[in-house]
């Protein structure tokens, strides 16, 4: 199969979709003019609704670029591939984060430079004094206009009525002003100030860090046996006795190329674009609430049952950045994906003789292949991605398809896995020891690396909001070359990074390093995906994986 035919099929797939994937059922930030000028060029490629002034805080972090030295396998289609005896995972380095020094806070009332915490939040000296005098002297103002006068640094004294109203609206607290006209506020607000200050310091400390360094990883893949001699115990139960009544559409047809589409193509429900989305400076100019939640009371918990959307609303909406809420809307209907894959496996088994069962590796490949179809459909229907031209979409997906598969598998284990088992996309728990005892050393090494990463992410309390952020960071990689709309890709990456940083600091304040630790997992995911690609190619050239599946199409497209 030529690279050109693969590319042509993939283009058609991205344009028209697949009939096999069912549609889901019904589903004023102050800024500096100088800073606006600084970022205007970088935002030139963004659609109009995304061309909002991006303050320094929205560009705090850029995804660390990973330098890899892929140790690929030199083979042709006709060769019987031999895995090197020792295939070394290359070292990974992470570059420093870029950082804008302009972190100056602005008064939420008038936009002047803040001087400290006054009566509930950060304000300037002028508004602090005005608010104090108004409350202590019990002044009553009137507005000669329509009670909506503009309040800024140049005309904050023109209408005291609207100025005081704005003080209240942004969160300045009447009860914080002392009635005895003595200096100082009420002591009960001290803990709030300390907590808010600590959050800001954590945020700045993460940004000012010299960068995160990933220690060199070295995992050796031993020589592989020539074939898979045993089956995994219990895994065939995934293709037996599966109910079909709830499956809306037939599964993917493997009698033809997975890229060929029918005239009736799938249409995804539109998700509203982020018209009201404000770039992320989540902490600055935010009113300090009188009560703060326990550090983990609003944190997402492990979700029971098989649906990534379970527990999605456990956190207060105010603690989840708007962008992350929009990313969550793009998530696929997991029960539907599960049902479709199970139906496909049953159909595959029914098409075979009763004595002829799928091999364990073949069954896993078909699960991964169908999962990859759902991942591509997720990308095609996602915000930002659907605004790219097909050529850019192809380049991004061809770059990261294996990483998205690995990340999907790992999150499934974090959210739904049980001790000593592997949780499959079909909803089946398979005994881990049975897999280890019945598969090749190289496959076991891959599985072991993935399980180690699962343990680390569980210890970090990895949740669904962070999962969707990592998915977008993997998909919108600025490492991809020759993109026509690189500005959009880079802009999405930076905005998702900023939203993820705000989310982790708001919801996990005691885990001060969580944001950095999550980013450190990305090169580890890439390392595992590289090994998985090499292993898949090895199995393919030895005839263990057929040509007519999406996994191999993507593998050849990436290596072309």
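Just so it is clear, glycine is given a Cβ too, placed from its N, Cα and C backbone atoms.
Zinc finger is the annotation Swiss-Prot gives to one range among 63-82, 83-102, 143-162, 163-182, and that range is 143-162. Looking at 109-128, 189-208, 209-228, the range tied to motif 'FTZ-F1 box' in Swiss-Prot is 189-208. The domain 'NR LBD' (319-558) scores a mean pLDDT of 89 in the predicted structure.
In this structure, the binding-site residues 535, 539 were compared by how many other Cβ atoms lie within 10 Å of their Cβ, and the smallest count belongs to 535.
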